[in-house]
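Asker: Sharing a structure here in C-alpha cells format.
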Amino acid sequence: MAAIAEGVEKLSVEDKPTENKPTNDQADADASDDGDSDEGEGATNGATEGAAKKKKKRKPRKKKKAGTAGAKVQSDPPRVPVSQLFPNGVYPEGEIQEYKNDNTFRTTSEEKRHLDRMNNDFLKEYREAAEVHRQVRSWAQKNIKPGQTLTEIAEGIENGVRSLTGHQGLEEGDNIKGGMGFPCGLSINHCAAHYTPNAGNKTVLQQGDVMKVDFGAHINGRIVDSAFTMTFDPVYDNLLAAVKDATNTGIREAGIDVRMSDIGAAIQEAMESYEVELNGTTYPVKAIRNLNGHDIRQWSIHGTKSVPIVKGSDQTKMEEGETFAIETFGSTGKGYVRDDMETSHYARIADAKNVPLRISSAKTLLRSIDKNFGTLPFCRRYLERLGHEKYLLGLNNLVQSGIVADYPPLVDQKGSYTAQFEHTILLRPNVKEVISRGDDY
C-alpha cells in the first residue's frame, strides 16, 4: 500500500497509524494431520508353471510411508488455511540476501545469529502471512481476465486471504487476529494507488488496461504488503520491466544503517533507464516522485519512515529489526500523483485526539471500527459486509474530526500508464529476508 511523500499531499506519513491498541493473540495453529500413503509394490508370486510342489513365496507385508497419505493440497479457488497445509507450523523462508559492504560481518557473527533465533514467533507469523499472499496471488494471476468486474476480482482475492488465514472477519475482533492487512487495491492505468471498488461499482477490466494489484495479508498484525502489475498486451512489457528492476534494486540496496537518500537514488537510476513505445511514441519511464515505500509496524501498514524512489536528501537510516515495504511506481506521464475520484480506503488514526462526537452514527461506527479493524485500513465494502447501512454521514464526521484518515485514489495525468511492484523485507540481525518473494516476482 503506497505511502505519499511527506509534505507533498495532504495525507502525509505522519497522518497514518503508527501503533495499535488491540492485543488479540494469534489463533492456535491447526493440529497436525497423520496418515498413510499408497503402499509400495508387493513381490510377485515366485512359483512358476511346472513347479507346483514348491511352496509359494508369501508376499511381504507392505511398508507404510510416513506422513504422505491424507496430506492436504490447496483448493481452487484457495480455501484451505495454510496452517492445515503446514501442520508443523514451519512455513517457507523468504529469499535471503546478505547485507552489502560494511554489514557483511553480520552473517558470521554468532551473537547476531543467536539474536535472530530469538525472533522465531515474529518470523513464523510473517512467514505464514507471506505464504497466504503467495498462494492467493498465484490463483489471482491465473484467473484474472479482461471482462471481469473489479468487484469480483477484489472479492476473489479478499475471500482467499480470509480463508487461508482462517479468519473470515465476521465475528467481533476476528479480523484483528488475521486476514486482510488492508483492502485489495486494483488501480488501473493512470491511477497508481489506493483504488478499490466501492459497493455497486460496475467497472470492467479491459484488454488494454494496466492494473496494479496491491493487497496485504496479516497474522496477529504482522502485515505482508506486496504488489504486482497485470497487463494483457506485450506493449507494456518495458514499463513492467522498469518497475520490477527498480523494486529489486531498492531491495538490494536496503540494509541496516543504509540512508534513505541512497536507496532512492539507486531506484531512480534503475527505473529511468527504460523507455516504452506506445502507438509509435516513445515515453521515458519516470519514477513517481511523491510516492514512497515505508516501514511497517504491528497492525500499522505505515510507520514513520518513508523509502523514497527518487534522489533526495533524507539522511534517515534503516535500523536492525525493522520491516519495510519496498515499493516503486513508474509512469509514462508526469511522474507525480494527486488525489482524485471517490474515496474507498480509510484507517483509524492511532494517536488521534479524544474529540467529542455529536452524531450518533459516528459513535456507533467508531466502536465497530475499533472492535473489527483497530488501526488496520478498511474500505466501504468491509463496513457493509459487517452489516452497516447509511454510514457515510458518520464516516465523514469521523474523518472531519481527525479520528479516521481517508486515502483517496492517487492519479497521474489522464492517458498515462503506471505500474507498481512491491515486496516486504525484514532486516534481521544477520541477513535481510525478502519475506514475500515468490517464483512470480
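Note: Cβ is positioned from N, Cα and C throughout, glycine not excepted.
For reference, TrEMBL lists these features for the protein:
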type: BINDING; residues: His194, His302; note: substrate binding site
type: BINDING; residues: Asp214, Asp225, Glu422; note: divalent metal cation 1 binding site
type: BINDING; residues: Asp225, His294, Glu327, Glu422; note: divalent metal cation 2 binding site
type: COMPBIAS; residues: 7-19; note: compositional bias 'Basic and acidic residues'
type: COMPBIAS; residues: 27-41; note: compositional bias 'Acidic residues'
type: COMPBIAS; residues: 53-66; note: compositional bias 'Basic residues'
type: DOMAIN; residues: 125-336; note: domain 'Peptidase M24'
type: REGION; residues: 1-84; note: region 'Disordered'
Asker: Using a 10 Å radius around each Cβ and counting other Cβ atoms from all shown chains, which of the binding-site residues His194, His294, His302 yields the largest count?
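Answerer: Going through His194, His294, His302 one by one, the largest Cβ count within 10 Å is at His302.
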Asker: Reported as an integer number of Å, what is the Cα distance between Glu422 (divalent metal cation 1 binding site) and His294 (divalent metal cation 2 binding site)?
Answerer: 11
Asker: Please work out the number of neighbouring Cβ atoms within 10 Å of the Cβ of Asp214 (divalent metal cation 1 binding site), leaving out its own Cβ.
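Answerer: Asp214 (divalent metal cation 1 binding site) is surrounded by 28 other Cβ atoms within 10 Å.
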Asker: When DSSP is mapped onto helix/strand/coil, what comes out for His302 (substrate binding site)?
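Answerer: In three-state terms, His302 (substrate binding site) counts as coil.
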Asker: Checking the binding-site residues Asp214, Asp225, His294, Glu327, which are within 10 Å of His194 (substrate binding site) at the Cα level?
Answerer: Asp214
Asker: Quick one: of the binding-site residues Asp214, Asp225, His294, Glu327, which has its CA closest to the CA of His302 (substrate binding site)?
Answerer: His294
Asker: Fewest other C-beta atoms within 10 angstroms of its own C-beta: which of the binding-site residues Asp225, Glu327, Glu422 fits that?
Answerer: Glu422
Asker: Taking the recorded divalent metal cation 2 site as Asp225, His294, Glu327, Glu422, identify the other residues of that chain whose CB atom sits within 8 Å of the mean position of the site's CB atoms, giving them in sequence order.
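Answerer: Other same-chain residues near the divalent metal cation 2 site: Met1, Ala2, Ala3, Asp214, Ser226, Ala227, Gly293, Ile296, Phe324, Ala325, Ile326, His423, Thr424.
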Asker: For the divalent metal cation 1 site given as Asp214, Asp225, Glu422, which other residues of the same chain have their Cβ within 8 Å of the site's Cβ centre?
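Answerer: For the divalent metal cation 1 site, the extra neighbours are Met1, Ala2, Gly185, Phe215, Gly216, Ser226, Ala227, Ala325, Glu327, Gln420, His423, Thr424.
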Asker: Check the domain 'Peptidase M24' (125-336) for me and report the mean pLDDT.
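Answerer: Mean pLDDT for the domain 'Peptidase M24' (125-336): 98.
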Asker: Looking only at DSSP and grouping its letters into three states, which state does Glu422 (divalent metal cation 1 binding site) belong to?
Answerer: strand
Asker: Calculate the distance in Å between the alpha carbons (Cα) of Glu327 (divalent metal cation 2 binding site) and Asp214 (divalent metal cation 1 binding site), and round it to a whole number.
Answerer: 10
